[in-house]
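What follows is a short report on a single structure.
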Amino acid sequence: MNNSTDAVNPAKKPQTRREKREAAEAFLKNVSDQSFPNSKKVYVQGEIHDIKVGMREITLSDTLVSGSKDKPVYEKNEPLCVYDTSGFYTDENVEIDVHKGIPRLRETWIDARDDVETFTSTHSEFAQQRLDDEGVDEIRFEHLPKMRIAKKGKNVTQMHYARQGIITPEMEYIAIRENLKREEVKDATLLLQHKGQSFGASIPEQITPEFVRDEVARGRAIIPVNINHPECEPMIIGRNFLIKVNANIGNSAVTSSIEEEVEKLVWSTKWGADTVMDLSTGRNIHETREWIMRNSPVPIGTVPIYQALEKVNGVAEDLTWEIFRDTLIEQAEQGVDYFTIHAGVLLRYVPMTAKRVTGIVSRGGSIMAKWCLAHHKENFLYTHFEDICEILKQYDVSFSLGDGLRPGSVADANDEAQFAELHTLGELTKIAWKHDVQTIIEGPGHVPLHMIKENMEEQLEHCGEAPFYTLGPLTTDIAPGYDHITSGIGAANIGWYGCAMLCYVTPKEHLGLPNKEDVKEGLMTYKIAAHAGDLAKGHPGAQIRDNAMSKARFEFRWYDQFNIGLDPERARTYHDETLPQESGKVAHFCSMCGPKFCSMKISQEVREYAANLDKNAIKIQLLDETITLTSDEAIERAMQEKSAEFKATGSEIYQLAE
C-alpha cells in the first residue's frame, strides 16, 4: 500500500528458450505479488445471492485546500474503484500456487442448480490418449478437477436460465461488477460527464441483475462461463455494457513453453484482458490448455479447428466431422468458454475472394476453404451446425462465429465475400438461439476509417443485435511494427458505434509472435480504445476515472496521477527520467514547462488571487490611490500581471527550470 513501485529490472532480458522458461518459472513462483501501487482488492456483497464481487480500489491522497506551510488544511479524496480482471492474483490474502490452480469461485453455484452431473472418464478419444501417454506425465497438470456435463434433457446455458426468468449468481455478479460502486461516489466533480452518442444502444443509468438477465435472454449479451471452468469470474459481452478487450496467447511449433504461456495469461489479466484466446498450434496443446484453464480468472476462447488440424498432421483435406467433434468435446470438458467456429465459410463464397488483393487471410477460414474445394462439398461446420449446438449447450460453451472471409487489407474491405459470410453468420445465430446457445459474431479486420460504421450497421441489421467482436479493425496497412496503433484507431471507433468486444493487436502483428511486453503494449492500446468508446457512447460513470485523473493533475498529486492511470509503472518511469528526485513527486509543476510556465500552476494562482476577494469586490492600495475591483476585474488584472511577467522573461513558451 505504499506509493513506490519497483525499479525497472536492469538485468539482461532472457534470450534462449531455456532462459525464457526459467524467467517464466521465476515469475510464476511470485505470482501472488501482482498488485498495483496504492491499490487493494475490495469485495462487494451480493443481495440476491451469497456472492462477493472483486474490484480494485485505488487509495488517493488528500487535496491541499488552504492553510499555511506550517498548518496546511487538507480535504480527503474518496478512493476510486476500477474494473479488475486480475482475479485472486492481486488479493494479498490469497496465496496462489499455479500447480494447484486458483480458487474455484463458481463451483458451488454450478452444483446448486442440480442440473449437471460429474464424471471422471473423458468422452474424448484424444483426451484419453493423452491421459494414457506416460511421456507427458512430467508436464501434466496434476490436480485435475472433476468434469461436469448437463444431466440428460437439461440445458445449462446462461441464456437458457435467462429465458426461464432466472437471475443466476453470475448475472448478479456482473451487475455489481459493471457498476463499480458508482452509487457511492459523492464528489460532484467525479460525476461530471458529457452526453454521448450511443447509436441506438439502450444503456441504463444503473445496471441491475434483471437488466443483465434480459439482455442475455434477448441474445444482445453473453456470459461466457463453461460449467467446467469454475475458476472464471463472470463477465458480460454486449453493447449495453462496458466494452471488453480480448488478448491472444498461444505457443507454436517453434516457440514458447507451458510456463511461458501461463505467465502470459497471468500477465494479460493483470493488464486488463477481459478474455484470453489460446491460439496454440504447437506441441502439447492439450496439456498447455489444462494449465491455462486451471489458472485463468477470465473466460478462455479457442479455435478448435487449429487443434483438429494438428491431429491430421496439418493436411486440411484430411479433416473430418468426427475429428472435429472429438476436439470440441475434449476442449469443452477442459472448460473452454467460447469457440471460434468458421461455419460461415461456404463453398459458394470462396470464388468471391479470387479478385482480392490479399485473398483469405484468416487461418481458420483458409483451412475450411481448402477443405471445401478439395472435397467440393459444403463446409462440414455449416452442415453439422445443429450438432455443434447440441454439444455446446451441455457445457455452456458460447459460439464466437468466426469471420473466415474477413478482409486482410483495406483494399478488400466491405466486399461481397465479407458481407455474404456475415449474413450467413446472422442465419446461424438464429439457429444457435433456438438451442439457447450464447453467440457472438466476429468481425474485421482491415477497414479504412470511413467504412467502419457500415460494418457495425450491417452486423446489427443481419445478426439480430448479437454482440460484435472485432480484430481492430486496422485503418491503414502502411505501418508494420505499429499495427497496435493503426488498429487501435479503428477499435475506438467501432467500439463507439456498438462493438461489444475488441480483440487486441500487438506491435508484432504481421511480423512475429508477441512476447510479454508486446502483449502489454497491445492491451494498453486496446484498453484506451475501449475506454474511449465507452466515453463516446456516454456509458454511465465512464468519465469518473478521467475526472479523478484531471483533478489529481490540476492539484499536482503526482503519485495519484501515476496510480489512477492504466499503467502506473510506465507513468512513473517516464516522469522520473526528467524529475527523478523525490521532490519532483510533490512539485507544483511538471518537466514539460518547468516551474515558471506550468499552465496549471498559473491557473491555480489566478484562482487563489480571485478566491481572496470578497464575494463581489476587493480594495487594492496602490501608491497614489485605492481602487476597488470586482471579481471579474481582479481576474483580468491577474491575467495582465502574468502577461507582463511572461514578456519580461523573454516571451518564450518553454524555459529551463531553475
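Counting starts with 1 at the first residue shown.
Cβ atoms are placed via backbone N, Cα and C, with glycine included.
Listed in Swiss-Prot:
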BINDING   N248, M277, Y306, H342, S362, R363, G364, D403, G404, L405, R406, E442, Y469  substrate binding site
BINDING   H446, H510  Zn(2+) binding site
BINDING   C590, C593, C598  [4Fe-4S] cluster binding site
REGION    1-22  region 'Disordered'
Binding residues N248, M277, Y306, H342, S362, R363, G364, D403, G404, L405, R406, E442, Y469 (substrate) - maximum C-alpha distance in whole Å: 20
Filter the binding-site residues Y306, S362, G364, G404, R406 down to those whose C-alpha lies within 10 angstroms of the C-alpha of H446 (Zn(2+) binding site); answer none if the list is empty. R406
Report, in whole Å, the straight Cα-to-Cα distance of H510 (Zn(2+) binding site) from Y306 (substrate binding site). 19
Could you state the whole-number distance in Å separating the C-alpha atoms of G404 (substrate binding site) and H510 (Zn(2+) binding site)? 17
What same-chain residues, at least 6 away in sequence, bring their CB to under 8 Å of the CB of Y469 (substrate binding site)? I237, N246, S400, I440, I441, E442, G443, C499, A500, M501, L502, C503
Distance [Cα-Cα, Å, rounded] between R406 (substrate binding site) and H510 (Zn(2+) binding site): 15
Cβ-Cβ distance under 8 Å to H510 (Zn(2+) binding site), same chain, at least six residues away: P480, D483
Could you say which of the binding-site residues G364, G404 has its Cβ with the most other Cβ atoms inside 10 Å? G404
Let's check the environment of Y306 (substrate binding site): how many other CB atoms sit within 10 Å of its CB? 19
Taking the Cβ of S362 (substrate binding site) as the centre, how many other Cβ atoms fall within a 10 Å radius? 25
Cβ contacts within 10 Å for H446 (Zn(2+) binding site), all chains included, total 26
Using a 10 angstroms cut-off on Cβ to Cβ distances, just flag whichever of N248, R406 is the loneliest among these binding-site residues. N248
